Amino acid sequence: MSLPENYTLTILGAGVMGSAVLSAILKSKPSPFPSHIYCCTGSSKSADRLQSTYGDAISTSYGTNNAEAVRKADVIILGCKPFLCQAVIDSVKDALNDKQIVISLLAGWTIDQLSSAMGNPNIARVMTNTPAKYGCGTAIVSFAPVLQGSESVAVRDAVMALVDTVGMALELPEKNMDAATSLVGSGPAFVLLMMQALAEGGVRMGIPYEVAKKCAAKVMEGTAKMVQESGEHPEALKSMVCTPGGTTIGGLMVLEDKGVRGAISRSVEEAADIAAKLGKK
Ligand SMILES: NC(=O)c1ccc[n+]([C@@H]2O[C@H](COP(=O)([O-])OP(=O)(O)OC[C@H]3O[C@@H](n4cnc5c(N)ncnc54)[C@H](OP(=O)(O)O)[C@@H]3O)[C@@H](O)[C@H]2O)c1
């Protein structure tokens, strides 16, 4: 299976996530690049907003006109809210066909559920996060069994190229999707809590909040870059910062005494368990 050279991309539900992915695609121009991009919304207000933001790069539609945009699609990015998904699919049902490639951004909907709702086995399930809006998102992609063979390598490459534009895309089996929903989807909220706590520590010791916030954000960004670029284990980098008898080892011992490491790891476990339960509803 492969994609036509000048393929058409339709984003069915171009809200926060759908338009974050759209911005990333337009900015990064992945190859193969769609020859036409349609963005579908539920209301004229959202369609008008998208049209004025992206101009000629896209066409927009809403309501009953969405069916036409879906009929033309070779690739559909599904970006509606999970609880509206069945209604959105029903509203364009006659325009769907089983040759289209569907990239779902929805939390909770499994490949099997999407496949039977859409009458199409060609599903790629994606979990990404809001930093995608800034080109710094993380995305985990799982492919339906029918797309896993060597004959579908071109489709997988095209999907990965589209999704990678958000920042970084990695492939995992679908059994890891609940964990990905937690680590990747909820991860920014966990990191923001840590960032706020660092900043408040600075404020407690007399640093003005705006300065403390900027420092906390840059410390986290710089530390992440250090891990990514050095390839070193975080424990090794951490021990390099610890001068014997110094400040850092003292602070780290307080974090260990308070069980912060376990609490952060368990927060990923808890959110993954909740994601698994949502998927069964
Ligand atoms: N936001 C996050 O942090 C995040 C993180 C990971 C995954 N996700 C996933 O991303 C998906 C979208 O979330 P979101 O936050 O981007 O939601 P959102 O901003 O509410 O976007 C939903 C989009 O769907 C459109 N829509 C509503 N009814 C429609 C219809 N009948 N036909 C076509 N389009 C319709 C909406 O248009 P109107 O504006 O006109 O209603 C809007 O453009 C969810 O499934 C969520 O699980 C979100």
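Cβ coordinates are placed from backbone N, Cα and C, and glycine is handled just like the others.
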Transmembrane segment per TrEMBL: which of the ranges 6-26, 174-194, 195-215 is that?
6-26
Rounded to the nearest Å - Cα separation of VAL16 (NADP(+) binding site) and ASN66 (NADPH binding site):
18
Based on DSSP, name the secondary structure state of MET17 (NADP(+) binding site): helix, strand or coil.
helix
Taking only the residues in the domain 'Pyrroline-5-carboxylate reductase catalytic N-terminal' (9-108), give me the average pLDDT of this model.
94
Determine which residues of the same chain, besides LEU12, GLY13, ALA14, GLY15, VAL16, MET17, THR41, have their CB within 8 A of the center of the CB atoms at the recorded NADP(+) site, and list them by sequence.
ILE11, GLY18, SER19, CYS39, CYS40, SER46, GLY79, CYS80
